[in-house]
Amino acid sequence: MRILKPYLRSTSIQCYLCLLLNSHFLTEAGIHVFILGCISAGLPKTEANWQYVINDLKTIEHLIQSIHMDATLYTEGDAHPNCKVTAMQCFLLELRVILHESKNAAIYEIIENLTMLANSNLSSIENKTELGCKECEELEEKSIKEFLKSFVHIVKMFINTS
């Protein structure tokens, strides 16, 4: 099972630093080092790996087939490369529909992990306005299978530009 919070993977370094500096906490410099170490433990250490997102989408597809879910979701079929962030945000919102419709613990865990991974990578992209992109509600409603296929296509657009 992957760690749900990849940015906490390197916290052991800060723990060792704290142990090393334990005798120096009585000084002002030691306290500053301790505080900075604690702050850095909470900062993101790695970017989301889009390949994990694709693997999670394939797992969701398999799980949905086993529970025979047939909802329709707003799906971006042919997103322009300049609209990929907007399209990704729509896909992430529609994942919540799958979550609500399935009421499956395994799907819940995978969607939470996938959302966290994707959002951590999206947060590193500049906040630029994507003009001319469709709103989520303007997209065509398609089956879950088509939704997941299009979602993988959008993720691959992010892989190809990184």
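Here the Cβ of each residue, glycine as well, is placed from N, Cα and C on the backbone.
Feature annotations, reproduced from Swiss-Prot:
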type     : residues : note
DISULFID : C83-C133 : disulfide bond
DISULFID : C90-C136 : disulfide bond
CARBOHYD : N113     : N-linked glycosylation site
CARBOHYD : N121     : N-linked glycosylation site
CARBOHYD : N127     : N-linked glycosylation site
SIGNAL   : 1-29     : signal peptide
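Known features from Swiss-Prot, placed on the structure.
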residue	record	DSSP class
C83	disulfide bond	helix
C90	disulfide bond	helix
N113	N-linked glycosylation site	helix
N121	N-linked glycosylation site	helix
C133	disulfide bond	coil
Message = Return the count of C-beta atoms lying within 10 angstroms of the C-beta of C90 (disulfide bond), excluding that atom itself.
response = 25
Ask   = Taking just the CA atoms, what is the gap between C133 (disulfide bond) and C90 (disulfide bond) in Å?
value = 11
Inquiry  = Can you tell me the CA-to-CA distance separating N113 (N-linked glycosylation site) and C136 (disulfide bond), as a whole number of Å?
reply    = 22
Note = CA pair N121 (N-linked glycosylation site) / C90 (disulfide bond), Å rounded to integer, equals 15
Residue pair C83 (disulfide bond), C90 (disulfide bond) - Cα distance, angstrom, rounded = 11
